[in-house]
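Following: one structure in structure tokens, then a few remarks.
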Amino acid sequence: MDIILASKSPRRREILENTKVRFSVKESQIDEIIKVNESPKETVMRLAYEKALEVANSNKDSLVIGADTIVVINEQILGKPKNEEEAYNMIKLLSGKTHYVITGFALINLSLNKKVIDCEVSQVTFKELSEECIKDYINTKESLDKAGAYGIQGYGGLLVKNIQGDYFNIVGLPISKISDCLKDHFKINLFTEGDLSEKVF
């Protein structure tokens, strides 16, 4: 079964590359709209499903993986900042506080009429950050394409005091939970499926 990752995120691609599954990447083109009447979990699961379905509609025999990640603090959803000023304000808001990172994921194979939609939640606490520290981080240019304006796998890791839960969920793909779903629902084992030397992109 062909597997497609419906995401342009290099971080999600890297996480999946660390398994033995062969996959290709096809970016979805949906608009990531946040609806006011949805909970954060409902939002990420819907967006993940919409991303996967958009790609699956033109690849009906393939298993398509879609994902979406948001940061939530005090019931406020933080998506990707539009500019450096917004990124600065997001990091300042997170400074010294605990927030949640929620990643929704969807696994779809239309020819088998199968779909799995779920999410994972991790908790992150930031250190108390000085104005200088926040500006230094914004100047790395790392923040603009990431939910909550930081990447824990990069310079953003320097802002973090501690985490609880799945680290890879914070990066953008809860691979442990996805692995269980792939095995249970699609009989795909990420430990053995395919060969790294044969990976196709």
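Placement of Cβ uses the backbone N, Cα and C atoms for every residue, glycine included.
Pulled from TrEMBL:
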{"type": "SITE", "residues": "R11", "note": "site 'Important for substrate specificity'"}
{"type": "ACT_SITE", "residues": "D68", "note": "active site, proton acceptor"}
{"type": "SITE", "residues": "T69", "note": "site 'Important for substrate specificity'"}
{"type": "SITE", "residues": "Q153", "note": "site 'Important for substrate specificity'"}
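The DSSP secondary structure for T69 (site 'Important for substrate specificity') is strand. Least crowded of the recorded sites (T69, Q153), judged by neighbouring Cβ atoms within 10 Å of its own Cβ: Q153. Here the C-alpha separation of T69 (site 'Important for substrate specificity') and R11 (site 'Important for substrate specificity') works out to 12 Å.
Around D68 (active site, proton acceptor), the C-beta neighbours below 8 angstroms that are at least 6 residues distant in the chain are E32, T43, V44, L47, A48, K51, T103, G104.
Between Q153 (site 'Important for substrate specificity') and R11 (site 'Important for substrate specificity'), the C-alpha separation comes to 9 Å. The Cβ of R11 (site 'Important for substrate specificity') has 19 other Cβ atoms within 10 Å, all protein chains considered.
DSSP assigns Q153 (site 'Important for substrate specificity') to coil in the three-state reduction, placing it in neither a helix nor a strand.
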